[in-house]
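Inspection log for the structure reproduced underneath, given as structure tokens.
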Amino acid sequence: MAKERIYELAKELKMPSKDLVNMANRQGMGVKSHMSSVTPDQAQQLRQLAKGGQKTTNNQHQPVKKNDGHNKQNNHQAQNHNQHHDHDKTQNERPQKKNNSRSNNGTKDNNQHQNNGGRFGGSLNNDQGRNGKRFNKKNKKNKKHNKNKRLREVAHKQPTQRKDKPLPEVLEYTDGMNAQDLGKILHRSPAEIVKKLFMLGVMINQNQSLDKDTIELLATDYGIEAKEKVQVDVSDIDKMFEDEQNNTEHQVTRPAVVTVMGHVDHGKTTLLDKLRHSHVTEHEAGGITQEIGAYQVHYNDQLITFLDTPGHAAFTEMRARGANITDITVLVVAADDGVMPQTVEAIHHAQAAQTPIIVAVNKIDKPGANPDRVTEELAKYNLIPEDWGGDTIFVKISAKFGKNLDELLDMILLQAEMLELKANPDQNAAGSVVEARLDQGRGSVATVLVQQGTLHVGDPIVVGNTFGRVRTMTNENGRRIKEATPSTPVEITGLNEVPEAGDRFVVFDDEKTARAAGEERAKRAMDKERQKTSHVTLDNLFATMKKGQMKTLPIIIKADVQGSVEALSQSLQKIKVDGVRVDIIHQAVGAINQSDVTLAEASNAVIIGFNVRPTAVAKTLADSNSIDIRLHRVIYDAIEEVEDAMKGMLEPVYKEETIGQVEVRQIYKASKVGTIAGGMVTSGKITRDAKVRLVRDGVVIYEGELGSLKRFKDDVKEVKQGYECGLTIENYNDIKEMDVIEAYKMKEVPVK
């Protein structure tokens, strides 16, 4: 049988719970309060004790009644006092417990009233004067006791019944919850949780964090299942972006996103303008005004999104930040010029992004155009047309006259159909930033491309390391719109700060979560800036290989002549150590420029220069981004250095430290001295004991030592930036105006 509560048993016996608690404790039952439980045997024992006590109490009332009858024969003064006393008892009736305690002394009290009857026989004024204070205290005591009695009677008549909400079927918890958190989930008070755990042998307070085992123990005691909730990092928008991308429910076909790339003056801008005006204006009444660097073209009842990127560097920067928003790359090559250096760069960037390439051979209307030569040159870069057995689409066009543009659009739609581009428009929007700027009138303005879901005005959004709410949204024509579907470029406002091109964005359900995610990402970005992650270098290559972090070593080769490029490339590709191979991602002739450094940063590559030097901008960019540039004049030294680095055998080496540059402004001839170069120190300083290198058009001509260094006919030890000087190079006279003389020192650097 089930246990019974003390207060329920007291209600049944019509006696105060406190009296029943005292009675149970006298029997050694160890009852603490009216909420304590007793066994059925103990309850029966208490019932018998309570009934026996009530019989005794009733019998004890009989002598009192007899005494009351006998007292009626007393004198008139005592009789008056008894009447007054009975009236007071009627108004202030005492509980049964008090009557029982006083019933044994009833006769004695009445006798005292008889013996002291003369004392009460005085006047009313005397009664109030001598005994008024005593009766007032007695009345107050009676009133207080009666109030408690009424409260107990109400409690006995209407006992408090706690109506708990039903327990959940599964307790979903996270490690570290306290009693208050669990109470909200279980629909129980924190005090009950603490008491329950106390009964289970766990001493806690309401604010103390609980471990996984304790929470599961509590759930087992309640008879429900416990399941740990997986905490999602709301600031990890990259994972959220991937989850949105991988959501295959309710997917529909979306427009293709196309980027047009090519060499300068090959007609890229003309092609974009022709497509925009011929296929957009017919759908826009009154013409258009291009507002952003992205637009959509209507063709054959389908949409194609074109991105007008400012250059290859921007394309690579976006890919370096993880944004691969391009589906198809259109490579524009002029039929009269053929493949040019920027054409090769565009090919390498597109191949690194793993996007299909459609070749648009432009300017076929010009005299001297030779499309077949373009096809032959592109075949060297694995761009083989379908006519030759390859899989690359070639289209011969004339952007100036609009010839075969429809065929180009047909090929884009065909390629998009083969790619099966789909997106879910019914989920939260996610996408990437194409470009961003700070507008004085509107604040932070960002051009974004929606890749998944539908973006609405008013959506809470996190973009890169900033957040906000979409305040306004305009299309490429400057017209305000309320929503943007997948593959639609729009310009939005409402962000707290200006994001960077290539940053991803994700829409959240509420602004509070978006704010928390944005602030956390900004904090992490600041911490990451303080502890910048270094790129791979030949010094740390072997340690990186041992950790299993590298399977290939990406290398960019720049040399003074094509023969050196090919020889160095072939030799490096033959090196293979412990399953790690060399991957030549770009090779070209000329000085190391900014584009090479940008590509190295995006691909985590090492740049090897043979008889060439980096430009000033490229060197600054490489230093700021920790890009490893290795310069050599002997091809075998370059090969040996890479091989030793892969084998982990690099010894401490002397590293070159450039201390200054001098630009030659004027040349003087002296019969005894030779050629004297007069110039300006453009950066750093030049010292008398420094080694020098003569660079002409980015190519190293000579390396040696200074013969002399003078300023105003005086020999000096050094000349700083911004001052003119005269110098000679020992045993070398072939110096020309506009040459650059680099001063450097060799510094011993241990291998890291």
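Glycine is no exception: its Cβ is also placed from the backbone N, Cα and C atoms.
The region 'Disordered' annotation in Swiss-Prot covers 26-167.
Residues or ranges marked as compositional bias 'Polar residues' by Swiss-Prot: 34-47 (among others). Each residue in the compositional bias 'Polar residues' (34-47) gets a DSSP state, and the totals come to 8 helix, 2 strand, 4 coil.
Taken from Swiss-Prot, the feature compositional bias 'Low complexity' covers 72-81.
Residues or ranges marked as compositional bias 'Basic and acidic residues' in Swiss-Prot: 83-96 (among others).
Residues or ranges marked as compositional bias 'Polar residues' in Swiss-Prot: 101-129 (among others).
The compositional bias 'Basic residues' annotation in Swiss-Prot covers 131-150.
Marked as compositional bias 'Basic and acidic residues' by Swiss-Prot: 151-167 (among others).
For the domain 'tr-type G' (253-422), the model's average pLDDT works out to 80. Marked as domain 'tr-type G' by Swiss-Prot: 253-422.
Taken from Swiss-Prot, the feature region 'G1' covers 262-269, and the record attributes it to similarity to another entry. Beyond the ends of the region 'G1' (262-269), by six or more residues, the same chain brings 331-334, 337, 340-343, 346, 362-363, 399-400 to within a C-beta distance below 8 angstroms of the stretch.
Annotated GTP binding site per Swiss-Prot: 262-269, 308-312, 362-365, in sequence order. Long-range neighbours of D265 (GTP binding site) (same chain, six or more residues apart, CB within less than 8 Å of its CB): A334, D337.
According to Swiss-Prot, the region 'G2' annotation covers 287-291, on the basis of similarity to another entry.
Annotated region 'G3' per Swiss-Prot: 308-311, in sequence order, evidence recorded as similarity to another entry.
What Swiss-Prot records for 362-365 is region 'G4', and it gives similarity to another entry as the kind of evidence. If one looks beyond the region 'G4' (362-365) by at least 6 residues along the same chain, the residues whose Cβ comes under 8 Å of a Cβ in the stretch are 262, 266-267, 270-271, 332-336, 371, 396-401, 403.
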Who are the long-range neighbours of the compositional bias 'Polar residues' (34-47) in its own chain, taking Cβ under 8 Å and residues 6 or more past its ends?
1, 3-7, 9-10, 12-13, 17-18, 20-21, 23-24, 27
Once the DSSP letters are reduced so that anything not helix or strand counts as coil, what is I364 (GTP binding site)?
coil
With DSSP helix as H/G/I and strand as E/B, how many residues of the region 'G1' (262-269) fall in helix, strand and coil?
2 helix, 1 strand, 5 coil
Given the binding-site residues G262, K268, I364, which one has the fewest other C-beta atoms within 10 angstroms of its C-beta?
I364
